[in-house]
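Single-structure report; data block below.
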Amino acid sequence: MTGCLKIGPGDEAPDVVNVVIEIPMNSSVKYEFDKEACIVKVDRFLYTSMVYPFNYGFIPGTLEEDGDPVDVLVISREPVAPGSLIEAVPVAVLDMEDEEGPDSKVVAVPKAKLDPLFASYKDVGDIPDALKSKIKHFFEHYKELEPGKWVRVTGWRPAADAKEIIRRAIERYKGA
């Protein structure tokens, strides 16, 4: 959970959500938010010669079934510093699983007032195939050289499913 944070998922959630960025785009360092120390720490350096294609973080005030907040990949044109908060609009879900089980990611874009470039992305079909391929390729391969780790991407789902995942995770957090 994210008990040290005094912010939640956002007043407009699940349509617009707060995302705490852990990993900036173009980074090969995997950062994670340390809930005890309330700081972003280095988790590991990627073993592959790859970088995160976009900014990556989580929605505070949410709880997935695996005990972690909802993961979010924010499609954007600039890196956002670790620990920063960005308001984002969920547009899709990337379904995947790894060595620990299901590990889907919500895919979002910055709120239009922050960056209008992606305002036309409302649903999974609005994301260009080239971007979806880039995202899928990254998640399929970024753990390849790590012993005992693997990832399999199983598909894409629409914005409505992303919002339902967020809605359930907010309720789960409130009940915890």
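Glycine residues also receive a Cβ, built from the backbone N, Cα and C atoms like all the rest.
Since we're looking at a predicted model, the values are computed, not measured.
Swiss-Prot names Lys30, Arg44, Tyr56 as substrate ligands; from the candidate set Tyr121, Tyr142, the record adds Tyr142 to that same site. Shown in sequence order, Ile23, Ser27, Ser28, Val29, Tyr31, Asp43, Leu46, Tyr52 are the same-chain residues outside Lys30, Arg44, Tyr56, Tyr142 whose Cβ sits within 8 Å of the Cβ centre of the substrate site. Proximity of Asp66 (Mg(2+) 1 binding site) to non-local residues of its own chain (separation of 6 or more, Cβ distance below 8 Å) is seen for Glu100, Gly101, Pro102, Asp103, given in sequence order. Cβ proximity to the Mg(2+) 1 site centre (mean Cβ of Asp66, Asp71, Asp103, cutoff 8 Å) flags the following additional same-chain residues: Glu64, Asp68, Pro102, Ser104, Lys105. All protein chains included, Lys30 (substrate binding site) registers 16 other Cβ atoms within 10 Å of its own Cβ.
When the Cα atoms are compared, Tyr56 (substrate binding site) and Asp71 (Mg(2+) 1 binding site) turn out to be 8 Å apart. The two recorded residues Tyr142 (substrate binding site) and Asp71 (Mg(2+) 1 binding site) have their Cα atoms spaced 16 Å from each other.
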